[in-house]
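Undergrad: Before I ask anything, let me first share the structure, which is written out below as structure tokens.
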Amino acid sequence: MIEMNLGTTLLSLRNQKPLVHNITNFVVMNYTANALLAVGASPVMAHAPEEVEEMVGLAGSLVINIGTLSSTWVEGMEKAMVAACQLGKPVVLDPVGAGATTFRNDTLLRLLAAGTPSIIRGNASEIMALAGQQGQTRGVDSTQFSTEGLESAQMLCRQLGCVVSISGETDVVVGPESVAYISNGNPIMTRITGMGCTASALAGAFAAIAPNAFEAAVAAAAVMGVCGELAYEGAHLPGSFQMSFLDKLSSLSPAELDERVQITIENNG
Ligand SMILES: Nc1ncnc2c1ncn2[C@@H]1O[C@H](COP(=O)(O)OP(=O)(O)OP(=O)(O)O)[C@@H](O)[C@H]1O
Ligand SMILES: Cc1ncsc1CCO
Ligand SMILES: [Mg+2]
């Protein structure tokens, strides 16, 4: 069974301060950059096709989030994906709204043809839609429980050769050998936009420094969940919770993470 020391991984992130190149959506850009800074990483947002290849060269990892697409952005995402894969840099793909529109579905096919992400992180509806299962995607919020996406995630993991992380009440992280269940967090996290996008950005930060993609995805889910719980202790409404969550990302100690994380790891298959 896999041994993981998440506190040490968090410490390593803060010591190494990886540069995370984000091509993400207009809704969450500012919050995501602040979350990456708060946890101890260094964010850069850059989507122009003219510069993404150079930026990927500087970064420790790339996060592609398809939340608010346009044709020019897709061109930038595709170029960045190719460059990251050529350079061996980890890529996190957040398939926001997968299954909702033809444009999103076609874009995801294009990106997956351009390269293989290290981690795909989405909610259950998105992961099920990406796997070709008839999910019930309406927009960007899930209509399914995370555990309902397990088979889809296992299929994507096998077919694409990447880690698949499904967020929700329990976060389910599917790797080639193991499946991790992380049951921290608070339901208020669904009342604020962009918590999933933040989870993907953190997965990018951890992917830049962790020994493997599975550990990176687990660390991101654990930090999200534990900080969600800590933030809720002092802030019960969405506005103050959002600010408190950033504070907890920066004040969370490695020991606190190890103490509070609720994780079960099983063999995959
Ligand atoms: N019911 C819940 N209880 C506890 N934590 C939750 C719950 N639902 C979601 N979370 C946590 O909230 C974060 C975001 O997950 P969610 O599934 O809402 O992402 P998402 O749908 O992609 O969000 P968005 O698209 O708004 O960014 C994750 O860290 C997840 O663990
Ligand atoms: C609300 C919303 N719409 C497109 S992207 C986004 C942010 C959460 O995914
Ligand atoms: Mg999302």
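Placement of Cβ uses the backbone N, Cα and C atoms for every residue, glycine included.
Whatever TrEMBL says is automated annotation, not expert-curated.
As listed in TrEMBL for this protein:
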type	residues	note
BINDING	MET45, GLY194	substrate binding site
BINDING	ARG121, SER167	ATP binding site
Undergrad: Can you tell me which of these binding-site residues sit near ligand 1, meaning the Cβ is under 6 Å from at least one of its atoms: MET45, ARG121, SER167, GLY194?
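TA: SER167, GLY194, in sequence order.
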Undergrad: In Å, rounded, how far does the Cα of GLY194 (substrate binding site) sit from the Cα of SER167 (ATP binding site)?
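TA: The Cα atom of GLY194 (substrate binding site) is 12 Å away from the Cα atom of SER167 (ATP binding site).
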Undergrad: Rounded to a whole number, how many Å is the Cα of SER167 (ATP binding site) away from the Cα of MET45 (substrate binding site)?
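TA: Between the Cα atoms of SER167 (ATP binding site) and MET45 (substrate binding site), the distance comes to 23 Å.
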Undergrad: Can you tell me the CA-to-CA distance separating ARG121 (ATP binding site) and MET45 (substrate binding site), as a whole number of Å?
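TA: Between the Cα atoms of ARG121 (ATP binding site) and MET45 (substrate binding site), the distance comes to 19 Å.
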Undergrad: Taking the Cβ of SER167 (ATP binding site) as centre, how many other Cβ atoms lie within 10 Å?
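TA: That number is 30.
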Undergrad: Return the count of C-beta atoms lying within 10 angstroms of the C-beta of GLY194 (substrate binding site), excluding that atom itself.
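TA: I get 23 for this one.
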